[in-house]
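Taken verbatim from Swiss-Prot:
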type    : residues                    : note
BINDING : ASP8, HIS10, ASP36, HIS122  : Ni(2+) 1 binding site
BINDING : ASP8, HIS10, ASP36, HIS122  : Mn(2+) 1 binding site
BINDING : ASP36, ASN59, HIS97, HIS120 : Ni(2+) 2 binding site
BINDING : ASP36, ASN59, HIS97, HIS120 : Mn(2+) 2 binding site
Amino acid sequence: MKIGIMSDTHDHLPNIRKAIEIFNDENVETVIHCGDFVSLFVIKEFENLNANIIATYGNNDGERCKLKEWLKDINEENIIDDFISVEIDDLKFFITHGHHQSVLEMAIKSGLYDVVIYGHTHERVFEEVDDVLVINPGECCGYLTGIPTIGILDTEKKEYREIVLE
């Protein structure tokens, strides 16, 4: 299964549209968004996504109840929470925005997860720590680093591919 991974979209509509187009072209079945959508209006863009969404709230996401409601309106299978533990293709995932550093570190060290995915720092990370894949897709918006990125994880091969949005 292919999983699209993104974070820190920060209202950047052109890059959100590019990411959705890539995810649709790649036939991803699920998109993980690690938070910081920021404004509610960006959720409407995800109506064009041909996959369900697993998302976390970021520290810049305000209207949490409405955010959850709007995501559910797009697809009843969409979920959003502060921390998510989910199994996909026999892999155990922990997903968070990443602004609670101690929680992130505990998840990585716990031995409970195969994959830990987070955002918040806007810095790209792909590493293996004690048999745990640790992924930060960087920032979709490109505001801090100047390099807008998303990623695709192939769960069968356990391979991650970074994509720079141009």
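In case you wondered, yes, glycine gets a Cβ from its N, Cα and C as well.
In sequence order, ASP8, GLY138, GLU139, TYR143, LEU144, THR145 are the residues near HIS122 (Ni(2+) 1 binding site), counting only same-chain partners six or more apart with C-beta under 8 A. Distance between Cα atoms for ASN59 (Ni(2+) 2 binding site) and ASP36 (Ni(2+) 1 binding site): 7 Å, as a whole number. There are 25 other CB atoms within 10 A of the CB of ASP36 (Ni(2+) 1 binding site), with all protein chains counted. Same-chain neighbours of the Mn(2+) 1 site beyond ASP8, HIS10, ASP36, HIS122, judged by a C-beta within 8 angstroms of the site's C-beta center, are, in sequence order, SER7, THR9, GLY35, VAL38, GLY58, ASN60, GLY119, HIS120, GLU139, CYS140, CYS141, TYR143, LEU144.
For the pair HIS120 (Ni(2+) 2 binding site) and HIS10 (Ni(2+) 1 binding site), the C-alpha distance works out to 11 angstrom. Cα separation, HIS10 (Ni(2+) 1 binding site) to HIS97 (Ni(2+) 2 binding site), rounded: 13 Å. Around the Cβ of HIS97 (Ni(2+) 2 binding site), the same chain contributes SER7, CYS34, GLY35, ASP36, THR56, TYR57, GLY58, ASN59, ASP82, TYR118, GLY119, HIS120, each under 8 angstroms and 6 or more positions distant in sequence. Taking the centre of the Cβ atoms of ASP36, ASN59, HIS97, HIS120 as the Mn(2+) 2 site, the nearby residues of that chain (Cβ within 8 Å, site residues left out) are SER7, ASP8, CYS34, GLY35, THR56, TYR57, GLY58, ASN60, ASP61, GLY98, HIS99, GLY119. The local packing around ASP8 (Ni(2+) 1 binding site), expressed as other Cβ atoms within 10 Å of its Cβ over all shown chains, amounts to 31.
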